[in-house]
Structures are given as C-alpha cells and as structure tokens.
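A short worksheet on the structure shown next.
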C-alpha cells in the first residue's frame with residue numbers, strides 16, 4: 001500500500017510541476033495572441049480575451065500603404081532562403097573535402113574552423129560595419145547574405161563533417177574502383193546518404209538569419225530594406241506601447257509559421273546537434 | 001634515405017631560373033606550365049602592383065597628409081595587401097618547389113610527367129582545394145578579414161575625434177588597453193560590465209540547464225501520461241523566434257502598462273516592481289526570461305539522452321537495492337551530463353554573447369551615472385553601444401579582442417577535453 005501511495009504523491013507532484021510550467025510557458029504566448037485581437041493601439045485596458053475582438057491590426061499589417069510589414073516579411077524570407085541555399089552548397093563542399101580527403105593544410109583548416117565557430121561573427125561588428133561602408137554594401141541584402149553565409153560556414157561544416165565521417169568510406173572506395181570520378185562519388189553516393197544532416201544544416205541556416213537582429217540592424221538603413229526582426233523592433237521601440245497591438249499581430253504572423261516549421265523538424269534538430277556535437 | 005647521386009645540376013639551375021616564375025619550368029621543358037606560370041605571375045603583379053604598393057605603405061603609416069589620405073581606407077587596403085601577398089608568396093613558393101622537384105627528377109634520370117599526367121595529378125590532388133575554395137574565400141573576406149581588422153583597430157586611436165577624412169588615425173600601441181585599466185571612467189565601466197557579464201552567463205545558463213534537466217527527468221517518468229503533448233508544449237519557447245518573445249516580454253514587464261505589474265503581481269497583492277528602471281530588478285527579469293527561452297533546448301537534449309539509457313541499468317540497480325535517489329545521482333545524472341556536456345558548454349558561450357536579449361529587452365539600460373554602459377550591458381552589447389552610438393571604434397575593438405580571447409580559450413579548453421579531439425583520424 002505504501003508503494004502505491006508513494007507513487008501517487010510522486011505523480012501528483014510531477015503533474016503539478018508540469019501544470020505550473022505549462023502556465024508559465026503558455027501565458028505569454030496566449031497574451032500576445034490576445035493582444036493582437038484587442039481593439040485600440042495601446043495595451044492599457046487590454047484583455048487576454050478581448051470583449052470585442054478585432055482583426056483591424058492584421059488588416060493594417062496587410063495594407064501596404066499603412067505598414068511595411070509585408071515588405072519585411074518578404075525581405076526576411078528572401079534573405080533566409082538565399083542564405084540557406086548558399087550555405088548548404090558551400091558547407092557540403094567544404095565538409096566533404098574535410099571528411100574524405102587528406103590534403104596539406106587540412107588540420108590547420110579544421111582548427112581554424114573550430115576557433116572561428118566559437119567567435120560569433122558579430123563580434124567583429126565594427127569591422128563588418130566599416131567594411132560594408134567602404135564596399136558600398138551597407139543597406140543591401142547582398143551584404144547581409146554574404147555575412148550570414150560566411151558566418152554559417154565554420155559551425156555547420158563541423159556539424160556536417162561529423163556526420164559524413166560516420167558514412168563508411170568503403171562505399172566511395174568501391175565506387176572509385178568501379179571508375180566513378182570525384183564529382184560522381186560526391187553527388188551520387190555521399191550526398192544522398194547525407195540527406196538528414198543536409199536538412200539540419202538547411203534548417204539552421206534558414207532560421208538563424210530569421211532571428212538575427214544585431215547584424216541586420218547594423219547593416220540595414222532604410223525601412224523598406226528591413227528584415228522582420230529589425231522592423232518589429234522599430235515598431236515597438238519608437239513609442240513603446242502605442243503600437244503594441246499592431247506589433248502583437250505582427251509577432252503572431254511570424255511566430256506561428258516558424259513554430260510549426262520548427263516543431264515538425266524538431267527531431268532532426270536534436271539528432272543533428274547530438275550527432276555533430278558529440279562526434280564533431 | 002641516402003643522398004642520391006646526381007649526374008647533373010638541373011635542380012639548382014631550375015630553382016635559380018624560377019626566381020622569375022615559369023622560367024624554371026621552361027628550363028625543365030614543361031612549356032605550357034612554364035608559360036602559364038609566367039603569365040599568372042605577371043598578371044598578378046600588374047593587377048595588384050598599385051594595391052600592394054599603397055597597402056603596404058598605408059598599413060605602416062596610416063596616411064600622412066590630412067585630406068589626401070583616408071586612414072581607414074588605407075588600413076583596409078593594407079590588410080588586403082597582406083592577404084594578397086600571402087597568396088602570392090604561396091604561389092611563388094609552389095613555383096620554386098615545382099621547378100626544384102622536376103629538376104631533381106631530371107637529375108635522377110627520371111621522366112618528367114607529361115602534360116596529361118600533370119593534369120590528372122592536378123585534378124586528383126587539387127580536387128579538395130577546389131571544393132573548399134569557394135567557402136574558404138568567402139570566409140576570408142567576411143569572417144577572417146573583419147577579425148584581422150578588429151585586431152589592428154584595437155591598436156589605433158580611431159574614434160569620433162580621430163575620424164577620417166577630417167583627421168588621421170595613428171597607431172597607438174597598447175594605449176587603448178592601458179586606458180581601460182587606468183582611466184577611471186573606463187575602468188569602472190569595464191569592471192562593472194565584466195562582472196555582470198560573468199554573473200549573467202553563469203546565472204542564466206546554469207538556471208536554464210538545471211530547469212531543462214529537471215523537467216526532462218520529470219516528464220520521462222515511465223508511468224506519466226501524455227508525454228508527447230507535454231514535450232511539445234515544453235519545446236514551444238524554443239520554437240518561437242527569440243526576438244519575438246523578448247519583445248513580448250519587454251511589453252509584459254513594462255512598468256506603466258505591463259501585465260506583470262498590473263495584473264499578476266497586483267492580484268497577488270504585491271506592489272509594482274521597477275522592472276525597467278531599477279538595475280537589480282532588470283537583471284532579475286533578464287535572467288528569468290533567458291531561463292524561459294533557454295531551458296527547452298536543454299530539455300530536448302536531455303530527453304534524447306534519457307530515452308537512450310538502457311532500462312537494464314535501472315533494473316540491475318533495483319535488484320541491488322538502490323533507492324530512486326541513488327539511481328538518479330549514480331546513473332541518470334552522470335549519463336546525462338556526460339552526453340550533453342559539450343553542448344551545455346556552448347550554452348555558456350552563447351549566453352556570454354547573447355546580444356539579442358539584452359538589447360531587445362531594455363537596450364542594456366537603465367542608464368547608470370559615472371559609466372558609459374547601461375546597468376545590464378554585457379560586453380557584446382557594450383561594444384555595440386560604443387560602435388553605433390558613441391563611435392568609440394578603437395576602444396570597442398580592444399574590448400572585442402579581450403572578449404574573443406576569453407571565448408576562444410574556453411572553447412579550446414572544452415574541445416581538448418572532448419574525446420573526438422583525441423581520436424586519431426579526427427583532425
């Protein structure tokens with residue numbers, strides 16, 4: 001009987017903890033959703049479940065004459081997608097070479113990548129800012145994409161190399177004996193087997209620019225070039241509170257698709273990180 | 001290896017001749033290679049002559065005449081000149097080595113490989129370089145170049161008052177670092193910011209790790225129902241983009257209309273707390289928010305590890321009469337920590353540089369009198385402030401240098417300990 005009571009207490013306590021955590025997690029999220037339907041601009045007097053809910057804020061965001069929100073959304077999608085494509089290509093090439101070939105400079109290269117992945121590339125903020133000024137890449141998406149791709153290379157190369165190391169070498173060796181060339185081995189044998197890690201790298205390099213604030217805020221000047229992070233910050237920072245409900249609607253429109261994307265790929269994230277992290 | 005007997009001196013002649021790139025190869029009767037080497041070298045010189053000349057002069061002097069010379073342009077050109085020189089010297093060394101090797105082959109009476117064979121060898125040996133070069137070149141320009149630039153900038157006096165084109169920038173040696181220690185304003189700010197950065201890094205990270213592991217263990221209990229839905233809920237803070245949640249939280253913590261003061265605390269009978277204007281409470285709020293944001297990551301990792309622990313371990317422990325506490329401290333915790341340690345340490349370095357939360361929550365504020373950083377500024381957001389608002393470029397660069405040293409040494413220390421580093425073929 002005592003065992004049973006112990007178990008009951010343990011489970012009750014566990015559920016209690018889970019319930020409290022759930023409230024703490026969900027409350028802010030529901031609060032934004034609620035705010036986004038609240039009439040009026042300010043938050044004072046707003047309720048989580050508004051008395052007369054309105055879609056006005058969403059309409060305002062979609063009205064291009066009133067807000068740049070759609071432009072920002074498009075900018076963010078464009079920058080993230082291009083960063084993802086270029087990163088995946090460059091990272092695959094680099095990681096494959098590091099994993100499969102033994103060439104002069106390989107060890108130093110790997111060590112350099114290891115150190116570089118530790119320094120976030122915005123640490124060299126001043127330099128990036130000044131260099132962009134000098135090269136005329138300030139306020140261009142090209143400049144931002146280049147910085148994102150360059151910054152993504154070291155870490156993701158290590159991640160992918162760790163995974164490629166686990167694909168048996170005998171596969172490419174036997175293909176080589178059968179007369180397959182370098183490129184053929186890469187494209188037809190290794191890449192198809194590396195699909196899971198490519199998916200992980202693609203997700204990482206898509207989400208990272210999406211959530212980046214610092215580089216985008218340093219490099220982008222004009223409003224119609226902003227990404228979502230910079231744009232939304234601008235929306236709230238100007239007069240905090242006076243546009244909060246519009247901001248809330250904007251947040252919901254970002255958070256929902258990203259969260260869905262994230263949750264559906266969440267398993268890959270974890271496995272990718274543990275595979276690359278502990279092995280690489 | 002014994003010293004081979006040379007019948008001739010082709011290797012030395014070839015080496016000497018290839019002081020002018022290509023001539024050694026021509027001497028070795030590799031005409032196509034020789035001519036292409038020569039053309040490459042010549043075009044290299046023609047294209048980069050001015051840049052190299054200007055750059056090397058610029059990096060030493062940083063300009064001499066106000067109005068004509070722009071110190072920062074010169075510094076950039078100087079770094080470019082150094083990088084290009086390194087590439088050029090690499091090619092030159094390769095040219096010398098190639099001439100010598102082929103000359104040696106002739107001396108030993110071996111056949112020099114034909115153009116076709118050379119081409120094949122080039123493709124085989126050059127393939128990895130070919131694959132790496134696009135990524136590497138980009139890396140050089142957007143990551144390595146800026147790092148070199150920051151390192152050099154830390155030893156100049158580039159700030160608002162020494163700002164080209166109106167003024168010249170000069171090399172000042174370690175003056176910036178000395179100022180950080182000697183000048184009252186800088187020393188005080190630096191010490192305060194550093195102290196808070198450390199408290200922040202350890203406080204926030206440790207809390208999020210502890211909470212993540214704790215919740216993972218609770219949810220992973222075998223007889224608990226509804227695991228899937230609970231796990232999904234617990235991952236949510238990770239799934240929503242952080243900049244969105246931070247901005248939302250800064251609205252919730254707002255003193256005049258925020259829901260935390262107005263609704264939650266009021267209903268508990270607690271008076272309003274100055275979340276945005278009192279340094280202490282701002283720090284508390286930041287750590288709480290980061291815990292909220294960061295625990296799901298640890299939770300997900302730990303859940304993965306927990307599911308992989310074989311059940312037999314616990315059964316054996318039960319047979320041996322171990323209590324649940326013993327099972328936890330002797331089996332679960334060590335396994336979890338061992339498997340996730342490398343990733344957990346990256347959480348510390350991540351928070352050390354967690355600019356987003358500091359800046360988006362309250363801009364590093366509230367302001368503090370007698371120092372040029374806000375009360376919650378960590379090193380990275382202080383650097384941002386110095387660069388973007390007060391144009392203290394050289395000081396910011398000096399601080400960046402210090403910060404990078406910390407991060408890199410922690411990282412190297414960590415990776416030396418991971419087993420992958422010790423694996424033979426790894427590196």
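Just so it is clear, glycine is given a Cβ too, placed from its N, Cα and C backbone atoms.
Unlike curated records, TrEMBL annotations are generated automatically.
Database features (TrEMBL):
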- A:73-265: domain 'ABC transmembrane type-1' (DOMAIN)
- A:12-33: transmembrane segment (TRANSMEM)
- A:79-98: transmembrane segment (TRANSMEM)
- A:110-134: transmembrane segment (TRANSMEM)
- A:140-159: transmembrane segment (TRANSMEM)
- A:240-263: transmembrane segment (TRANSMEM)
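Of the recorded ranges A:110-134, A:140-159, A:240-263, the transmembrane segment (A:79-98) has the largest number of C-beta contacts under 8 angstroms with A:140-159.
Away from its own ends, the transmembrane segment (A:12-33) comes close to residues 48, 248, 251-252, 255 of its chain (Cβ-Cβ under 8 Å, at least six residues beyond either end). Note on the transmembrane segment (A:140-159): residues 75, 78-79, 82-83, 86-87, 90-91, 94-95, 98, 110, 112-114, 116-117, 120-122, 128, 132, 197, 200-201, 204-205, 208-209, 212, 215-216, 219-220, 225, 227, 272-273, 275-277, 280 of its chain, located 6 or more positions outside it, place their CB under 8 angstroms from a CB of the stretch. Through the fold, the transmembrane segment (A:240-263) approaches residues 29, 32-33, 35-36, 38, 40-44, 46, 57-58, 60-61, 67, 69, 73, 203, 207, 210, 228, 231-232, 269 of its own chain, all at least 6 residues removed from its boundaries and within a Cβ separation under 8 Å.
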